[in-house]
Amino acid sequence: MVYIMGFEGSANKLGIGIVKDDGTILSNIRHTFITPPGEGFLPKDTAKHHRSFILSLVEKSLEESKLKPSDIDCLAYTKGPGMGPPLRSVAVTVRMLSQLWDRPIVAVNHCIAHIEMGRLITGAVDPTILYVSGGNTQVISYSLKKYRIFGETIDIAVGNCLDRFARVIQIPNDPSPGYNIEQLAKKGKNLIELPYITKGMDVSFSGILSSIEGMVKNKQNKTQHSVEDLCYSLQEHLFSMLVETAERALAHCGQNEVLAVGGVGCNQRLQEMIQQMISQRNGKSFAIDERYCIDNGAMIAWAGYLIFKNGTTTPLSQTTTTQRFRTDQVDVTWRD
């Protein structure tokens, strides 16, 4: 029986999780750094938040799982991609605990962790993956020991687009900007025309963001658009672009399953649009709820276990972090 403790801190969510080798999630504690409306989270402030809470989350995670440090077989942490200072703050703590508890370390790619957690929770076998979050937007499929990127954003991530629009309209960041936009969008009735940019399987979101920001700033000129209609229209355009590129990837790869992962993946409207598309192809769509879609420690623990079970660990001298760590850089040794 193997127990892995996972540490996630690539952005504003700090997560500690413990997973057993059969996929049982024993604990999944998370604490989010939330800023006032209209503000984003700076790397140095986020890192300070992580340093302040990480040890208490480790204690809570052990308590919830009813385990002792001596029961933990390996420590897994997010190597990247993500924000530099928060990543480093978590990595330093993991190195300290590794030496204190005399346990090996496994470095994990954040994107791979999202994918493998999605496969674990849903039972999806070989899906086309729509990975949508605050820092990443990619259409991915597995082939020849790699998770290969067939399409991605050429500028900003979809979650970043939503977050930045939330700042413009000054809505709360609690529990998250994207969630609050989703709730406002449900009240929208009028679809406003916005830029729609897909290039093959790639997408671009900077133009649509610039356009809708301009509409908000022109409200003093008595524009007729309500905040609800703006949120509704933004979501409809963004998600239509994502679903279109995902469908192209499905056709290209000859697959009939779609798995949505990442923080934006728990948006109910996006899930609904994916389901509408895949049902026309007689396929299946898979999605997970906010416990595992949003950044969390359990996903790092599970991805760490998949690496660890093959006998691979990361030497202490190589437990570094990197802000740029692409999904297709990782050798997926645990899949056929």
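Backbone N, Cα and C atoms are what each Cβ position is placed from, and that goes for glycine too.
Under the heading divalent metal cation binding site, Swiss-Prot lists His110, His114, Tyr131, Asp295, citing sequence analysis as support. All chains included, 32 other C-beta atoms sit within 10 angstroms of the C-beta of His114 (divalent metal cation binding site). Annotation note: His114 (divalent metal cation binding site) sits in a helical segment as assigned by DSSP.
Other C-beta atoms found within 10 angstroms of the C-beta of Gly178 (substrate binding site) number 24, with every protein chain shown included. Sequence annotations record features per position, and here Swiss-Prot assigns substrate binding site to Tyr131, Val132, Ser133, Gly134, Gly135, Asp163, Gly178, Glu182, Asn267.
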Find, for the listed binding-site residues His110, Tyr131, Ser133, Gly135, Asp295, the residue with the lowest Cβ contact count at a 10 Å cut-off, counting only other Cβ atoms.
Gly135
Assigned element (helix, strand, coil) containing Gly178 (substrate binding site), judged by DSSP:
helix
Give me the CA-CA distance between His110 (divalent metal cation binding site) and Gly135 (substrate binding site), in Å, as a whole number.
11
What number of additional C-beta atoms lies within 10 angstroms of the C-beta atom of Asn267 (substrate binding site)?
26
